Amino acid sequence: MQHNTLSKHNQKLPFTRYDFGWVLLCIGMAIGAGTVLMPVQIGLKGIWVFITAAIIAYPATWVVQDIYLKTLSESDSCNDYTDIISHYLGKNWGIFLGVIYFLMIIHGIFIYSLSVVFDSASYLKTFGLTDADLSQSLLYKVAIFAVLVAIASGGERLLFKISGPMVVVKVGIIVVFGFAMIPHWNFANITAFPQASVFFRDVLLTIPFCFFSAVFIQVLNPMNIAYRKREADKVLATRLALRTHRISYITLIAVILFFAFSFTFSISHEEAVSAFEQNISALALAAQVIPGHIIHITSTVLNIFAVLTAFFGIYLGFHEAIKGIILNLLSRIIDTKKINSRVLTLAICAFIVITLTIWVSFRVSVLVFFQLGSPLYGIVSCLIPFFLIYKVAQLEKLRGFKAWLILLYGILLCLSPLLKLIE
């Protein structure tokens, strides 16, 4: 019996369309509008700074997400993030850390909800489909969020069908533009190695930038939960989730680095500074060699698809976070098995639509959320997993060098808003 179990856990796993769907969702969560700003950032800081920061940050980000996923997948109970923490440490720890997880997720979905409404309304007016600015309409906001929430709540297979093609188009645009710039490579654009003090300062400042260019941690626990529901064997489900993460991350980094370096070799430091001052992306710089109308269309498509796929990806985590907190609180007064799951899901969906509509209607500034973003990600993706590893006996096998690495990385992410002061 034990031999059969070991054989099953060591056998080669087929890669299915379901796995491919999750790969696309993971990549879609990470790659997008921010990616096209990378060459400008590299041009500002210098290629040597970026190479050093990337050598440190990208392997470290891989370790962070891998450890994060493993800490969550070891739990015998796997309904939501709060439930997992409660299984490890009890309901009080579950609600406390669940709220922190919720804050990390809400940071992202609030930002994307603003983009969804205002960008879509702007495009509808720009392309002559409407005369009025629909972003001022309450009905438009409710309709937009109701449709997106209905799609995102329809299950991962529906998301695969809708979000998947968008991700393929996004990646296609990034790769095609990367190849289009190859004939314009000029290695004279590689700047000289900076002074040591400037170099180390800029590397320290660029590491968090690299982290956010490749992170898709928001979708990892929803993926972990989906695999656990799909597979009766916990170990098999974990293997599938880890493999999906591995394929997604390797593909993502390959695409990002190819695009970034292709443009970096094609633009000078002066052009990068000019682009930064004008707040334009690498695609705008590509207008020098690609017709302007193509740039306009692809930039629009990339922005729309980037916002939508990121919204769909982060919604899964947002819904799961709210559900976990509600069930944790209700479990203290009633038996949660008596709760109708469909009614709970519909109530959460309605709450999300109302919350996002109110948020967008008040046009609350997202600047404070940008400042809180890095510390929240540092706490949830690094500090909490480190705490769990050394607090929970079930996670003892994860202790060691990698655990201490994510602790240091988490501290750096938490301090990154302060590090901007030394720039």
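Just so you know, glycine gets a Cβ as well, placed from its N, Cα and C.
Look at Swiss-Prot and you will find 1-19, 65-93, 155-161, 224-246, 315-349, 393-402 tagged as topological domain 'Cytoplasmic'. Taken from Swiss-Prot, the feature transmembrane segment applies to 20-40, 44-64, 94-114, 134-154, 162-182, 203-223, 247-267, 294-314, 350-370, 372-392, 403-423, supported by sequence analysis. Positions annotated as topological domain 'Periplasmic' by Swiss-Prot: 115-133, 183-202, 268-293.
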**Report entry** Candidate ranges 162-182, 294-314, 403-423 - greatest C-beta contact count to the transmembrane segment (134-154) (under 8 angstroms)
**Finding:** 294-314
Query raised in the report: What stretch of 44-64, 94-114, 247-267, 372-392, 403-423 shows the most Cβ pairs under 8 Å to the transmembrane segment (162-182)?
Result: 247-267
Report summary line: One stretch in 20-40, 44-64, 94-114, 372-392, 403-423 has more Cβ pairs under 8 Å to the transmembrane segment (203-223) than the rest, namely 44-64
Query - Model confidence over the topological domain 'Periplasmic' (115-133) (mean pLDDT, whole number) - result: 79
Requested in this report: Compare 94-114, 372-392, 403-423 by their Cβ pairs under 8 Å to the transmembrane segment (294-314) and return the stretch that comes out on top.
Outcome: 94-114
Query raised in the report: When only pairs 6 or more apart in sequence are counted, do the transmembrane segment (20-40) and the transmembrane segment (403-423) reach 3 or more Cβ pairs under 8 Å?
Result: no
**Report entry** Residue numbers, six or more beyond the limits of the topological domain 'Cytoplasmic' (155-161), whose CB comes under 8 Å of its CB atoms
**Finding:** 17-18, 21-22, 24-25, 226, 312, 316
Query raised in the report: Counting each residue once, how many in the topological domain 'Cytoplasmic' (315-349) are helix, strand and coil under DSSP?
Result: 28 helix, 0 strand, 7 coil
Query raised in the report: Is it true that the transmembrane segment (94-114) and the transmembrane segment (403-423) have 3 or more Cβ pairs under 8 Å, skipping pairs fewer than 6 apart in sequence?
Result: no
Report summary line: Same-chain residues at least 6 beyond the ends of the transmembrane segment (403-423) with a Cβ under 8 Å from one of its Cβ atoms are 60-61, 63-64, 67, 201, 204-205, 207-208, 211, 371, 374-375, 377-379, 381-383, 385-386, 389-390
Requested in this report: Taking helix as H, G and I and strand as E and B in DSSP, count the residues of the topological domain 'Cytoplasmic' (224-246) in helix, strand and coil.
Outcome: 20 helix, 0 strand, 3 coil
Report summary line: Residue counts for the topological domain 'Cytoplasmic' (393-402) under DSSP, helix then strand then coil, are 8 helix, 0 strand, 2 coil
Query raised in the report: Where else in the chain does the topological domain 'Cytoplasmic' (65-93) make close Cβ contacts, counting only residues six or more beyond its ends and a cut-off under 8 Å?
Result: 101, 215-217, 220-221, 224-225, 228, 234, 237-238, 241-242, 245-246, 249, 320-321, 323-325, 327-328, 331-332, 381, 385, 388-389, 391-392, 394-395, 398, 402-403, 406
Query raised in the report: Under DSSP, the topological domain 'Periplasmic' (183-202) has how many residues in helix, strand and coil?
Result: 12 helix, 0 strand, 8 coil
